[in-house]
Amino acid sequence: MLVETLNGLKASGRPVLVHMWRKYVLVPFGTLLMMLLLYGINEIIKRTTINFPASVCLMLLMYGGLSLNSWLFGEHRTDVFLKYIEIPCGFALRWMNLYFTPPFVTLVLSDKVNVAEAFTIMAVFVVGYIFTFGFMAYFTWGLQLLLGTYKDHVEADEKDEECRISESNHNNSEQSSSTDKEEVAWEVKVRDFVLEWIDFFVYGLVFVAGLPVYFATGYEMPVQLAAAVLLFRACLLIPAKLRRVLHPILISFSLCLLVYYILSLIKGQNYFTCIRHYKTGRTYLTLFDSEAYREWPGAGDFLISLMDISIVSLSLSMYKYRGDLKRHFASVLPPIVVCAFMSFFIYPPLCYHLGISSARALGFTGRSVTMALGIPLVTALGGSTQLMAVTTIISGILGVLVGDLILFKVFRVRKHDFVSRGVSFGLNCGAVSTYYLTVVDPRAGAMSALSFTFYGTLMIVLSAIHPLVRIVQKLVGW
């Protein structure tokens, strides 16, 4: 056993070095280059009168650039660029859910809401959520029928049924032979164990190194960031079936609050001060603006900065399925326009007249807009960015948990209608569910990315028109 263990450790040496080189050298280098590019784009945008996120701008530019390059030089040469772009972008997409935890951590700093308003907010959220799912799914489905593109999904259903039957027969015939295979060698298990837990070891060292920094200087970022990554990574060990209910975002942020509370007690620091330092607003875009942002960056600022990279990375999925996007664009655009109109002009006055405060009513305009777009949108309207951030992420998590149930069981949408599925998720659940779709249904994920991008872009354009902003503000009593 000892010899096999040593052989397993020896066998893991090269894979670990490759893993460390790629994940802790190439990925940070590629991420830094993308942040520099985003910083430059943001500086250009700041010199205009438009408040538009640099991450979404780069996502559209990258999608357009890849498509143009493929058209001019062919896919083979474009794949050369994709091989390098995939290094930081693939990492960002895999860890995208982690980057959505900061708004939940800082939720303890938000203003108190009375019981009546809290129940009203919950009721408006639930009813609006279900209504948007059904309305957008049927609207998109109807447009596909009118345009004659829906028949493709019917044919796909029939082909898939045949594939399932053949695969089932094949699996049954293979089942008996698979039980005769030898167990995996011990040294292979040791090698796999090392590769699986090496990241825990690295971030564990960062956590331990961050403790003296925190207790000696009061700077929380290293220890808070390491704790956030370790806890989120641990939540991914939950079995997949349970993970749909015990979502890593919800579990990890709750554990983070507990760990931060314990650390603040040990140091004798005020807990709310500790959380305020978690997110100071000094991201990579404001890193050199020491006059407006005097506090050092916190762990939340670090994660939100990486979220911009994950937003840009969605362009890879859009590029891969650009044929579907082009073919179904006419079925996607009208639902986007209708949803933007409803969110901008109907949601706020409806919430206001139901008893929700003006700021929170305006915050509902960004309920289904991804945070990268929702923050500048709601800020331009003067609404509650805290409510917007929480409802946006809850919308995404619910999309992962019950979105398919609502679409397939309640509204009877066909499973291979990836257009209706993608549009409904994109307009109702934002980036969190888009990441989920890119894993389970990449074509629907591409539609979802296109939908929430164009929807958020249109909302940003509307919020940049001052007369329209004044109209919406007057509708909520301002």
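Glycine is treated like the rest: Cβ placed from N, Cα and C.
Of the listed segments 292-312, 355-375, 418-438, TrEMBL assigns transmembrane segment to 418-438.
Same-chain residues lying 6+ beyond the ends of the transmembrane segment (197-215) with a Cβ under 8 Å from its Cβ atoms: 16, 19-20, 23-24, 221-227, 229-230, 233-234, 263, 266-267. Here the transmembrane segment (20-40) has Cβ contacts under 8 Å with residues 54-55, 58, 84-85, 87-89, 91-92, 198-199, 202, 284-285, 305-306, 308-309, 312 of the same chain, all six or more residues outside its ends. Ranking 118-141, 245-263, 387-411, 444-465 by CB pairs under 8 A with the transmembrane segment (418-438) puts 444-465 at the top. Put simply, of 52-73, 328-347, 387-411, 444-465, the stretch with the most CB pairs closer than 8 A to the transmembrane segment (118-141) is 387-411. Listed by sequence, the residues of this chain that lie at least six past the ends of the transmembrane segment (52-73) yet keep a Cβ under 8 A from its Cβ atoms are 34, 37-39, 41-42, 45, 81-82, 85, 285, 307-309, 311-315, 318-319, 322, 372-373, 376, 453, 456-457, 460, 464.
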